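Enquirer: Got these off TrEMBL a minute ago, pasting:
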ACT_SITE  S43  active site, nucleophile
ACT_SITE  D190  active site, proton acceptor
DOMAIN    7-203  domain 'PNPLA'
MOTIF     41-45  motif 'GXSXG'
Amino acid sequence: MNERALVLGGGGSSGQAWSIGVTAGLYDAGLDVRQADLIIGTSAGATVAVQLSGADEPPSLLASILAAPGPVTAGGRVPNRPVIEQLERTGRIIAAAEDAPDMRRRMGAAALDLEAAADGSWAPRWRAIVAARLPSAHWPARPLLITAVNARTGEPVVFDRHSGVDLADAVAASTSSGLPYPIGGHRYIDGGYRRNENADLAAGYARVLVLSPFGGRSRHPLEWGLHLATQVEDLRAGGSRVEPIVPDPQDEHLFGAQAMDLSLRVPVAQAGYRQGHALAGPLTEFWR
């Protein structure tokens, strides 16, 4: 059995900031989770996975977040109506779907419909934004998996350094929750449509640490098997030791419909840091 896997789940802008905060807190308390033998990144977690694979240490990544607080409106908060509309739109798709594969096909079809009505300028702009967040244009040597879903077929896809796909394109695909992202002749949507965490990809690893900004919750029916609890149960049944980290209950309001509120990045990152620092002691024996 392989040794250690780090799983970084999706969670929007807030989720990225929280995950960086957690890893920085763990690091400052003496636990460097970047030394995992495998890192799995989904959606915002894909960005974090690549950032943790670079030369910057987690506290430096955290400092960058703290130094750039997001925009705030006159009322004190940025509007989140587009996020709410996206949640409503995808909620209707989930409600109409028969099962997880059907849901993914429907999500892909809806994304392709959006693309047909768009002017085609989104993809290169999104790639540039994603690439600017990454420490390198090249895949790291350490094993890294980045998830996405084929928009035309609904089939899950896992990119790695052997896939023949540029790193920025893989991350851009994994973070495309609205419009589909083109790579070659294919179109891809957010890896979170496979699962929010995709911890099942760590099967066969002795120790699996999971960071789930959405708290392990899923909007999907329990019987679809997409909830984190099901993934953890299956991993443990296969012999893995699994430790999930989810936001503290008092911080849960910072996620969900607020996940793309850039004004929350600083408090979310600070909350993650406090949590990671407090958890380092209990996790040391597990991880080392």
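A Cβ is built for glycine as well, from the same backbone N, Cα and C atoms used for every other residue.
Quick one: where do these features end up spatially?
Expert: S43 (active site, nucleophile) carries neither a helix nor a strand DSSP state and counts as coil.
Cβ neighbours within 10 Å of D190 (active site, proton acceptor), excluding its own Cβ and spanning all shown chains: 27.
Mean predicted confidence for the motif 'GXSXG' (41-45): the pLDDT average there is 98.
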Enquirer: What is the Cβ neighbour count of S43 (active site, nucleophile) at a 10 Å cut-off, with all protein chains included?
Expert: 31
Enquirer: According to DSSP, does D190 (active site, proton acceptor) sit in a helix, a strand, or coil?
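Expert: Note: D190 (active site, proton acceptor) is in a strand by DSSP.
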Enquirer: S43 (active site, nucleophile) to D190 (active site, proton acceptor): how many Å between their Cα atoms?
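Expert: Answer for this pair: 6 Å between alpha carbons.
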